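Below is one structure. I have some questions about it.
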Amino acid sequence: MMEKLIIFDTTLRDGEQSPGATMTGDEKVRIAQQLERLGVDVIEAGFAAASVGDFLAIQKISSIVKNSTVCSLSRALERDIEKAGTAISAAARGRIHTFIATSPIHMQMKLHMTPEQVIENAVKAVRLAREYTDDVEFSAEDASRSEPDFLARICEAAIEAGATTVNLPDTVGYAIPEQFGSFVRDIRTRVPNSDKAVWSVHCHDDLGMATANSLAGVHIGGARQLECTINGLGERAGNCPLEEAVMAISTRSDYFQLQCGINTKELVPTSKLVSTVTGFPVQPNKAIVGANAFAHASGIHQDGVIKARQTYEIMRAEDVGWAKDRMVLGKLSGRNAFKQRIRELGIPVTSENEINEAFLRFKDLADRKSEIYDEDIQALFAPSGSQPLSNYYGFVSLDQRSETGERPYAKVVMTEGGGEVTTEAFGNGPVDSVFKAIEAHVKSGATLDLYAVNAITGTSEALGDVVVRLSLGGRIVNGVATDADIIAASAKAYIAALNKLKTVSPMNAQLAEQTP
Ligand code: KIV
Ligand code: ZN
């Protein structure tokens, strides 16, 4: 029997700290359900004290998720811990994750605390957290730049106070794999009660080494929990991507001698869901979940794979969730074939009604597009766009005209609250005219930071996947929408972003204000 590696996913917390990745409560619930299906051991569902929205999302996820532990982050502050404890109270298994910075630079410049005060706060926080749950994680923020003697002292004190997991984050992505692995091993060796807790690593990707550092922390350092996010989403350059760490552990089990409980066939569907919700596209050459990760272009490679796939493939595409048969449905396909495909793709549907509505959208698409790929079907269930979850504004219809030598013009019919409004404008291009028309009515004052269009599949009749990033008063949101008509997709994505600006609370801004 190989030893177990606990997979701790923080897409909904650290991942959400990526500028523009703010998610609505409904979107978080949807991702949490998919993470449970993926088989992650711990879902860090948010930071309960950061905003009412985060608190409610953690509460909801705690009441729905049954097989994964649900966790809330909290600073080492009484108020934070109380909020975290209340938010996870309905969970079948709930964890409080409390943290305080331990590096000289953070203690002096950010916390303005002496090392003794930091230890005192950590111990108090862990003790209070234990009053809410038996499962308490303590993180020494910026551990990789902390003094080893002090770090060992605070970890010992946290375990003594009741921490059951101790996490050593490389908060600023400064570590080098071999050094980080030895560092984790060294700290564990110095802590007399180290066997009373599970040791964990949490690495950021500022130097592109988050996966390598995490794996070194596990293999050399002996950590048995790995913290990661889907697609490597996260603060600044992101966190260790779950899909990379998990596939390294399983593909090279001869080396790591560890196993984790991840259902790897859910990796690609999870990656797509997170990408759709956040509007962060996955680069085509991204390991495991990128569109080209299993594509062979050179003749020599193709020849080798045809003769024996192991010549150039160390993993099987279908084992990480890429569908084998990518072109299956069309105009003549029936409801049963559609339903079967939904099942194969692992799309979470909750009712027959949801399938019926999606089937109507499928038929409508099939009228406009002869070949329907798996990606198109996944897009039919995308949580934003044609069916925005928080829909103060809605898209109804669009009339856009462009002619060489003339200024592009757009008339947009949209809903606001319950009513319908028509708005129009000229612009510098077809998309600009649509955005100007919407703004002529809404007057949000938001700045357009990013506009991106991707073709979901490879043909000219492909669905267009549009991301619109808006910022307003320090808040950054992404709107995502899909349509065979990219101008309509652009209007829908813009409207989805406006809806998010109306509903999502500015977690990062609030935290900056509250940091001691
Ligand atoms: O990067 C970090 O140090 C963190 C902690 C809160 C665990 O995200
Ligand atoms: Zn982090």
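Just so you know, glycine gets a Cβ as well, placed from its N, Cα and C.
Just so you know, TrEMBL annotations never went through curation; they're auto-generated.
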Going by TrEMBL, Asp14, His202, His204 bind Mn(2+); tell me which of Asn67, Asn231, Asn239, Asn263 is listed for that site too.
Asn239
Quick check on the region 'Regulatory domain' (394-516): DSSP residue counts for helix, strand, coil, in that order please.
39 helix, 51 strand, 33 coil
Translate the DSSP assignment of Asn239 (Mn(2+) binding site) into the three-state scheme.
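Where Asn239 (Mn(2+) binding site) sits, the three-state DSSP reduction gives strand.
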Any idea what the model's mean pLDDT is for the region 'Regulatory domain' (394-516)?
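Mean pLDDT, the region 'Regulatory domain' (394-516): 85.
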Other than Asp14, His202, His204, Asn239 themselves, what residues in this chain have Cβ atoms within 8 Å of the centroid of the Mn(2+) site's Cβ atoms?
Thr10, Pro169, Thr171, Cys203, Asp205, Ala210, Glu227, Cys228, Thr229, Gly234, Glu235, Gly238, Cys240
